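Below you'll find the structure, written out as structure tokens, and then a few comments.
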Amino acid sequence: MAHSMSRPVAATAAALLALALPQALAQANTSYVDYNIEANPDLYPLCIETIPLSFPDCQNGPLRSHLICDETATPYDRAASLISLFTLDELIANTGNTGLGVSRLGLPAYQVWSEALHGLDRANFSDSGAYNWATSFPQPILTTAALNRTLIHQIASIISTQGRAFNNAGRYGLDVYAPNINTFRHPVWGRGQETPGEDVSLAAVYAYEYITGIQGPDPESNLKLAATAKHYAGYDIENWHNHSRLGNDMNITQQDLSEYYTPQFHVAARDAKVQSVMCAYNAVNGVPACADSYFLQTLLRDTFGFVDHGYVSSDCDAAYNIYNPHGYASSQAAAAAEAILAGTDIDCGTTYQWHLNESITAGDLSRDDIEQGVIRLYTTLVQAGYFDSNTTKANNPYRDLSWSDVLETDAWNISYQAATQGIVLLKNSNNVLPLTEKAYPPSNTTVALIGPWANATTQLLGNYYGNAPYMISPRAAFEEAGYKVNFAEGTGISSTSTSGFAAALSAAQSADVIIYAGGIDNTLEAEALDRESIAWPGNQLDLIQKLASAAGKKPLIVLQMGGGQVDSSSLKNNTKVSALLWGGYPGQSGGFALRDIITGKKNPAGRLVTTQYPASYAEEFPATDMNLRPEGDNPGQTYKWYTGEAVYEFGHGLFYTTFAESSSNTTTKEVKLNIQDILSRTHEELASITQLPVLNFTANIRNTGKLESDYTAMVFANTSDAGPAPYPKKWLVGWDRLGEVKVGETRELRVPVEVGSFARVNEDGDWVLFPGTFELALNLERKVRVKVVLEGEEEVVLKWPGKE
């Protein structure tokens, strides 16, 4: 953050921090940048720097005889014994994300802030040779579109393996600020690309698979890396109409908070046993998230079952933001105290390190209050083997991972697999795709590659990326396969200049196939950057229209790229546009993946995990309106409540082959169940009655086409009489991916449906089973349907602790 006025740090902290920290700040809000408008915090070097990392020496160092080095003691006892050795200044110096360590104890500095959204970021990459790159996977929104939970887990496991290899070389931390499990509620949001999409049940499954993949199979004894579920909670706006994320106060009903904005964090804490949670910049209902004990204690620890000694980190500078711009605290010292007492253990920033001494002097905090958070952090580090000897792999199975493991896991080519599985075929007129090598031999085919994504490299990665081993553009991929490529950028992402149109039309004229690759990228959607419009930007549609007019009988394929959707209704309705695909941010192998989908080496089976709205949607009501249900100018948010007509619906996705979907022998078309009977079933092994399976939705899936293909399924529920109005249009209750269904083969799809899938959330936030009639239906086509009648008395299956 930009701070122009300063005053000395409290004297008791100055001796330790004088060399590491600049002077502290004056307390007048008027002195600072207006963070109600500015969405990027100006972080100090101490916060953002990456530092060389090393392990404490428990064999020969000063700590060798202390309990912290006793591998038979509990992680908490070991951590608590270490923190008890700190002076107050040393304790405070280790409350920030860049912990300064304690040199007299042989405790190295530690950097909490490592990123792992879709690969290692904020690692200490070498300039060349070993450790100069790590695998860069597709952005989560594309990976989730594959509807393959095993794939999510595998990606996270690879990231964790590579992270531990880097950690062993002193180049990466033992915890990561990932995953981002906020839901992509409004299409203008700049960080939707980082998320699993707009559906909260998808986000919850993504959270579970990613977190358990990152943390390993035995996190209590051998934590691989500590995951951080972020951003908790109600965070999904960056800077829309100058409403800065740093100062937003989001008004959210208890109903929506319970039903939409927190279930994924509940699953992360209760089921995935996430070791860390990040509180968000924004306030919810008047209280900054990092100063809200209702969020951090009542919900997270008392209700969601957060692990006993898990720690909460602020988003970077969010502790400071409690003071400026929220104005919830009268000074930075007061803001630090508010955050500590609410349950924010570690400050990603420098507010704690500069001002906690003042908080203690003012009587707002005790040493014990501060110790609690640092003990929690170091408990996690103990679980990850930070203090353990490296004598045998049996002591810690991850301490001998090395560069060879990075090479091995990258060679599995899972980044490519994730991209090909996630790409969504939106339109395919007259089955023009795939452009097979038989019909279009590479040696005799000229491909015009046009548009601002046609030669994309870094663009493929989206945001939060580190060094990738390679970045394959669409142009390079087609050239590598032997096609002659006529490349012309034609226009930029947001350009209104037509100076490149002539070259683009010339490239198309002499080609056999025209591929336009465009859409949006991180110049329009990013952290601290929302879109104002969800129309295609600049003059891209004008160029596509000219290409369509000039195409004649040539195939014109449009690749719609970027994390958020754009209104492609004109392309959907243009008969000259042969095919339309959504490719997201496909990662290091993105060009290969796009090429192989187009040419049929891989067949598409992804489905949209966001709604493609008409452009007018973003102009109808404020993006800061958090109410999901339709009211006034708000036509309803997400596919669950939207009352308008989508361009392409959530769950849309085409195949190259055809599938016949029918009821299986185990499908019962009507099921009657008694609520009290359901709830009397044994469920002691489950964390919640909401997880109890009620029935299996089954269907026969037969490949009736000419190509082997994966098949993806979404099962939706709807009701018009169970519980009070208004009723959602439908909601997702399960999904799956069947791999490699051969031509003529029939597979049985089996999707379990749990108690929670039939529960509706009342105005108090309670999840309730109401008597009534539900319909379960397969995909958007609804060819397989099951009627479920719940009888008996309504029952609360999950009690929501309202905020007093």
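From the backbone N, Cα and C atoms, a Cβ is placed for every residue, glycine too.
Going by Swiss-Prot, these are the annotated features:
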{"type": "SIGNAL", "residues": "1-26", "note": "signal peptide"}
{"type": "CARBOHYD", "residues": "Asn29", "note": "N-linked glycosylation site"}
{"type": "CARBOHYD", "residues": "Asn124", "note": "N-linked glycosylation site"}
{"type": "CARBOHYD", "residues": "Asn148", "note": "N-linked glycosylation site"}
{"type": "CARBOHYD", "residues": "Asn242", "note": "N-linked glycosylation site"}
{"type": "CARBOHYD", "residues": "Asn251", "note": "N-linked glycosylation site"}
{"type": "ACT_SITE", "residues": "Asp315", "note": "active site"}
{"type": "CARBOHYD", "residues": "Asn357", "note": "N-linked glycosylation site"}
{"type": "CARBOHYD", "residues": "Asn390", "note": "N-linked glycosylation site"}
{"type": "CARBOHYD", "residues": "Asn413", "note": "N-linked glycosylation site"}
{"type": "CARBOHYD", "residues": "Asn444", "note": "N-linked glycosylation site"}
{"type": "CARBOHYD", "residues": "Asn455", "note": "N-linked glycosylation site"}
{"type": "CARBOHYD", "residues": "Asn573", "note": "N-linked glycosylation site"}
{"type": "CARBOHYD", "residues": "Asn696", "note": "N-linked glycosylation site"}
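It is Asn242, among the glycosylation sites Asn124, Asn242, Asn696, whose Cβ has the fewest other Cβ atoms within 10 Å in the structure shown. Within the same chain, the residues at least 6 positions away from Asn148 (N-linked glycosylation site) whose Cβ sits under 8 Å from its Cβ are Gln421, Arg737, listed in sequence order.
Asn242 (N-linked glycosylation site) is 17 Å away from Asn251 (N-linked glycosylation site) when you measure Cα to Cα. Counting only residues at least six positions away in the same chain, the Cβ atoms of Lys230, His231, Met278, Cys279, Ala280, Tyr281, Cys290, Cys348 sit under 8 Å from the Cβ of the residue listed as 'active site'. Secondary structure from DSSP puts Asn455 (N-linked glycosylation site) in coil. The Cβ of Asn413 (N-linked glycosylation site) has 12 other Cβ atoms within 10 Å, all protein chains considered. Closest to Asn124 (N-linked glycosylation site) in space, going by CA atoms and restricting to the glycosylation sites Asn444, Asn455, Asn696, is Asn455. Here the glycosylation sites are Asn251, Asn357, Asn573, and the one with the most other Cβ atoms within 10 Å of its Cβ is Asn357.
For Asn455 (N-linked glycosylation site) paired with Asn413 (N-linked glycosylation site), the C-alpha to C-alpha distance reads 21 Å. Under the DSSP three-state reduction, Asn696 (N-linked glycosylation site) is assigned to strand.
By a simple count of nearby Cβ atoms, those within 10 Å, the most crowded of the glycosylation sites Asn444, Asn455 is Asn455. Comparing CA positions across the glycosylation sites Asn357, Asn413, Asn444, Asn573, the one lying closest to Asn696 (N-linked glycosylation site) turns out to be Asn413. Among the glycosylation sites Asn242, Asn444, Asn573, the residue whose Cα lies closest in space to that of Asn357 (N-linked glycosylation site) is Asn242.
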